[in-house]
């Protein structure tokens, strides 16, 4: 038995030497070799066992495969398209300010998002007509990219200072409506625009933004759900900010700040962005089916002489 053990040991040693030679020649993948010296995750998986006679043999144990980390909002089998639609998982921190929201995926393009808020004054008979007097636009991070006072096209009858914050003094530095409109629409072009009751802002701008690129925080049911309010209720921006962001806005008698309102709308949108965009994607109408064509009619055109190989046509003549 002892001689047979030595014979077996020598046979194993020759086998290992041959294996090393095959690996050096590139005929055997070194990854499949037990005891390979390539670095592995976790604690050292292999050690060298010294046998009698000075021979060495590897001694390894199995190393568990690392688990694949999958986003909690996506299934492991999610397609690239669904991942792109998913964008990123956003986390709200602290008091919910826009600076405390982080992106975990580079798929999202923050430059494509802006939030807008406008302040209006009263013109026309008894000041009942609302016209633009100030417009503020902020980016995805809440930074101001536009904030100007605007001179309405008609004379101002009611400044509505209690709500708009606009006074006669502000109109001294205001720019004409047409100039402001051109500047603002240039910013909004090809953007996803966020706002609260945003149809009022577009009306003041005398503009219509594509519906699929509009995000109205007064019409996002998941925001009302989070706030513990009726899903279909029309909730004010002030109320949503208080419930969801623990933030007080539109306080005091000096009127609203369009910058603050735009920033708050963006914060609210970012709070539920992933869930809301997922629901929007599901509600999009399906693409119209491709027109059905008869394959025989399509192939008939290729019977024409101009589609036949030149050498084949020559041999048939």
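Just so it is clear, glycine is given a Cβ too, placed from its N, Cα and C backbone atoms.
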Which range, 255-279, 280-304, does TrEMBL list as region 'Disordered'?
280-304
Would you mind giving the whole-number mean pLDDT across the domain 'Exonuclease' (112-278)?
93
